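Features as listed in Swiss-Prot:
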- 21-40: region 'Disordered' (REGION)
- 358-392: repeat 'PPR 1' (REPEAT)
- 393-427: repeat 'PPR 2' (REPEAT)
- 428-462: repeat 'PPR 3' (REPEAT)
- 463-497: repeat 'PPR 4' (REPEAT)
- 498-532: repeat 'PPR 5' (REPEAT)
- 533-567: repeat 'PPR 6' (REPEAT)
- 568-602: repeat 'PPR 7' (REPEAT)
- 603-637: repeat 'PPR 8' (REPEAT)
- 755-838: domain 'Smr' (DOMAIN)
Amino acid sequence: MIRAKHISNLSSSARSFFLSGSRPSAADGNSCTCAEDESGVSKRQQIRTEVVQTGKRASNLAAGLAGSILPVEAGKPLVVPKTVEHFTRPSLLPQHVSSPALPGKADSVNHASAIIKEDVGVPIGDQIFKAGIGNVNLLSDIANYKIPLSDGTEVVGLPKSCMVDPTRPISGVKSSNVKVIRREHLAKVYPRSADRVPINSSPGTKQASNDVAGKSFEAHDLLSNNVSGKRKIMPQRPYTDSTRYASGGCDYSVHSSDDRTIISSVEGFGKPSREMMKVTPRTAPTPRQHCNPGYVVENVSSILRRFKWGHAAEEALHNFGFRMDAYQANQVLKQMDNYANALGFFYWLKRQPGFKHDGHTYTTMVGNLGRAKQFGEINKLLDEMVRDGCKPNTVTYNRLIHSYGRANYLKEAMNVFNQMQEAGCEPDRVTYCTLIDIHAKAGFLDIAMDMYQRMQEAGLSPDTFTYSVIINCLGKAGHLPAAHRLFCEMVGQGCTPNLVTFNIMIALHAKARNYETALKLYRDMQNAGFQPDKVTYSIVMEVLGHCGFLEEAEGVFAEMQRKNWVPDEPVYGLLVDLWGKAGNVDKAWQWYQAMLQAGLRPNVPTCNSLLSTFLRVHRMSEAYNLLQSMLALGLHPSLQTYTLLLSCCTDARSNFDMGFCGQLMAVSGHPAHMFLLKMPPAGPDGQKVRDHVSNFLDFMHSEDRESKRGLMDAVVDFLHKSGLKEEAGSVWEVAAGKNVYPDALREKSYSYWLINLHVMSEGTAVIALSRTLAWFRKQMLVSGDCPSRIDIVTGWGRRSRVTGTSMVRQAVEELLNIFNFPFFTENGNSGCFVGSGEPLKNWLLESYVERMHLL
């Protein structure tokens, strides 16, 4: 029987890192600030052409662990070792783009949330970048009854591939399972561009004036549509100056020794005008009976943008002298991004003589608070709404469902769904579409499809937008054939696909690496009379890039400009990402510089792409400078940023690289670093580790599932390769129990189970398989029922440089051989190991199955 013990010097050395006094406590001043960019997910598995011996890699990890991942001392700058070439490139910071000032916390509004205990200025997992045009998320749009247009004017978030995928090879060799597309076949789509944009000059039309510089932009879901092709100026969402986060009694905090205040150099953006700074005696407002309503809305909005809510804002509004009705108030509230300012203005209006809020203003305020996850304030507001005689309607409930859903509070969203029906409000298409979307994104596809069925039973036949939502959900859940069937059903039912639907289908096929099908759909879309929008161009650029045709992708960029589409940060970020994945660091860098020259402010996903490129080619000093530039710009390293750094540390081939990655992890200031540093020893039953992981995942609740999956994969792989295998097993069990890996284990039919490991790193796959087989053994001993068949899916290396060299498959096959698992393969599928019948039952009775993960 295999016992839990230190197998080598590696284990004891690695364990000393977590158990020694060097592990800082909350009092040591090691803390984190964190905010999240739009999703983009860093997939953990890194394919290598050679198999590195476990013992050799393990010893390298152990040698570099102690002290390598400790946070930098307060006030002491990170010293780049002399062995690293000094960074000599031009500045990573924009030369003429200033970041706006960070307003302080509102002092006149005191908030208590029933669910969110602390107000995080930029919520983790929900850092949004405003794309500079009038974009709104589809579900938010339809929740507001703003039906998106289909005129090709939408800019939405790029697919998650904008985040650098470490599983892709550096070289341009394409996997053999992808049908090769010859360049001549692309002539009907996009030829090489003769007038390709010069990289060293500004590739985009610089339309942002000085008052646009430094503002943040919002990336959106694939289902969004915009209402204007022109860039719309939006103020940057303020960042809260707080650097402390706590959850469930666990402090993941960092006390920064270098508090930076970024002041906007843009004249008049972050400060009030001289006229408004003058102190004037308070006089009664002079009603302007014949004032243009648009004039009032514009000027009040301008005042509220200049001031944080407080005495100065009230004074400015009083001096302006106006009479506002509920309609105008609603228009102002819709333009406000800071919930504290919006709430202060809302209650100030309520105190004005003759003013009365209506259902529209209450509903808009519910949406503002929902975006900030201020659910305690929402409940108070709903009570006031009822007391004021404004009964919540379907739109109000839809806003609330959407707010809970985007914060991953699915149970609360369903409770609101039930409450609205009890209150006599009938759910509409928007209600069902929202519930379908949030459950599918969280991995609960069965509930999503059940809601689709209930919608049809309620007599709500799906329209184009409903079909688009469900097709997107099915595709993102990995059910592309079902999504395609629904697309065909949609056409058969007389629902004409719009531009959004085509964009979804093209993106799904591109994600599935069906590049030729994606390009065919693109041609079909044009033949149907739809002109490409910025989303379409971005998807086609990605398809061409993954086919190895990066020059043609640049040609698409040039045509996009010729059609008067102004490239934004995600478009530039895609080109940075594509060239980085191709191993061309210089081209990736040139596109990053082109973005700065176009007057655009970098966003976190683009920085992550460039960071991954530097790490991949071991340019550590450049990675360090990029990370510092992010902090100087006020960009908070995201969960994906930390996942990249931890993955690089795990796969480091020298103690120097490992130590430097550890220092970068500390510099990032992400709460995940404190979580890793405070990892307790497993103990006799592993309960301390499970509690620690559970508290952290609760703290990171609002992060999207794919981001959490990427981090947990990196953590389990790191612990496994460091010899901390008991801890790795406990981390996996908690992550699986919290549905971080919804597709890892599935019962295909009665007593026929599927274990899906192909999206994991090799270390995580070994731990996941070991603990899952141990669970089967435990269930069999308790109930006497044994699975009749188990399929273990590893994939066969389609993402490897050479097909069939999947590191996951090799690691799993080695583990099964060591323990004499009675497996076989079917139909020549080397990426699926099958065990069944009596041999499987006899094998599960062996006692060593319980301790496989310790080998």
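Yeah, the Cβs are placed from backbone N, Cα and C, and that goes for glycine too.
Same-chain residues lying 6 or more positions outside the repeat 'PPR 3' (428-462) and placing a CB less than 8 Å from one of its CB atoms are 139, 142-143, 145, 223, 394, 397-398, 401-402, 405-406, 408, 410, 413-414, 417, 420, 469-470, 472-474, 476-477, 479, 490, 493, 495, 704-705, 739, 742-743. Note on the repeat 'PPR 5' (498-532): DSSP counts are 26 helix, 0 strand, 9 coil. Residues of the repeat 'PPR 8' (603-637) grouped by DSSP class, helix first, strand second and coil last, total 26 helix, 0 strand, 9 coil.
For the repeat 'PPR 7' (568-602), the number of residues in each DSSP class (helix H, G, I; strand E, B; coil) is 26 helix, 0 strand, 9 coil. This prediction places the mean pLDDT of the repeat 'PPR 7' (568-602) at 93. Counting residue by residue with DSSP, the repeat 'PPR 6' (533-567) contains 26 helix, 0 strand, 9 coil.
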